[in-house]
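Asks: Okay, handing you the structure first.
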């Protein structure tokens, strides 16, 4: 392509030079003679030397023509007749002479006059004035010469005019040709400019193509290198392929030898599948038997159980006297967990009257389990873990923490904030246990879901402890039936949050701890002034066998159970605390009445006398399992409140509700 473009450019340049040469040639005169370039004025100038020559002759033969001008003119005009007749008809003037003849005659007259004057001026050879005939002969000869010259000049003039006409025609043709050539030259120049532009574009394109070619050459070099690398890699792969083929042949040989083993293994697998199905059925039967025996064990322990826990003495508190709290060993000795508690109390009224040492009264209490002050949170949860398992098996479970303010109820249920695993309470430990067991049960075909809620009952008003942002105070929470004809209860305007891991439960506990109603009391700087109820709705399903179980787990932190002092004078700010205490004691009394009514199999159970018992009624009846923690203080100054709590727990411990039934479908 590049060579063709260069050839086209050279051809255009040659054509342009050829046309330029033609235009220059057309601008030159067509003839080499100078006469073709002369006009009429130039011809007169050319005749001037002849006149001068004639004047020279006239100086020799000067004739006085002053007397005979008229005859001379007439004689000069006569010979013109034949010459004019020879040239054909011409346009004549008023006297019958043509313009050309008049011009020739005048020219001859002037010439003769000048010749005569020149001849007369020289004087030598002058004819005398009387020799008119001689003068006339001289003039006649001279006129004859001039006529011959005039005839020659006329012929020469005619030839020149014909040449001039031809030259003018040739000049017109050349002008036309010049205009044509100029037009062609303009078009050739335009084409040359276009060709120059195309040439520049082609040069730029050539540079671009050269650059592209260089890039392609570099790419080709890289590809060649890559090709060499690929060839080497292909050789290596070919070597590996050969090795793999050898190994494949060996594997095929081994495969042929193993096919018989595969057939045997398939038979064994089929037998194992059958056995696995049988084992699955057996495992399911064993799981059902485990649940039955577990429930039977819990019933033997009692569907209403009471645990007593004594908190340790805190820093800054007085150390109790020896023998104030005793924990007698069980029947099996020190290895047997304690189940009894002995509390000593001196009668200050009798010592004041008799002025004798006050006698000491010992109060003995027996519970399902007693936890001394040194008991750990892990030890406490280990004792109730079987009860939490019952909730996963489909039995309603309710665990209370009862006691006076500052006895460790909240620590038992929630633990101490700070992230120490050793100080976690029953709620986070129970959730961890449920999530772990649910994960294990998934291998047996069970799937579980958990929905949590956290409310408090303050002055017989239900409040949502999980409310956030604009949900706080949006509407009053009421206890309602979930559906018409359903025994399930729900709290309106309360959040029910699905949970699946411990971190989500920790966030809920932290939020509830911030929202719970607390106040400063005489027993505790920050006392819980409401009942907090953590409810976990557990739903389990075995899709393969069409089994379902639904049960609630209630973990309740009751408000402090302090008695009122009738002689205490209260100010305006303490009246609110008084109303709180009255409401708390009323709800705790109702709880005791409900448990007694259930134990006595009474027809009417006063659930509706308190929002607490109304909310927990499905977890307090005969199909539920209940556990009460009675928390007491180790200080002697709180012995009165400790005795009241222990006596209330003893009454509850003597109650027997009945056989629990799982909520299965």
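Note that Cβ sites are derived from N, Cα and C of the backbone, with glycine treated the same way.
Small disclaimer: the values here were computed from a predicted structure and weren't measured.
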Asks: Please identify the range among 232-276, 277-321, 322-366, 367-411 that TrEMBL labels region 'Disordered'.
Replies: 322-366
Asks: Let me know how many other Cβ atoms fall within 10 Å of the Cβ of residue 404 (ATP binding site).
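Replies: Around the Cβ of residue 404 (ATP binding site), 23 other Cβ atoms lie within 10 Å.
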Asks: For the binding-site residues listed here (405, 407, 410), tell me which residue's CB has the most neighbouring CB atoms inside 10 Å.
Replies: 407
Asks: Which entry in the list of binding-site residues, 403, 406, 408, has its Cβ near the fewest other Cβ atoms, using 10 Å as the limit?
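Replies: So among 403, 406, 408, the binding-site residues given, the one with the fewest Cβ atoms within 10 Å is 408.
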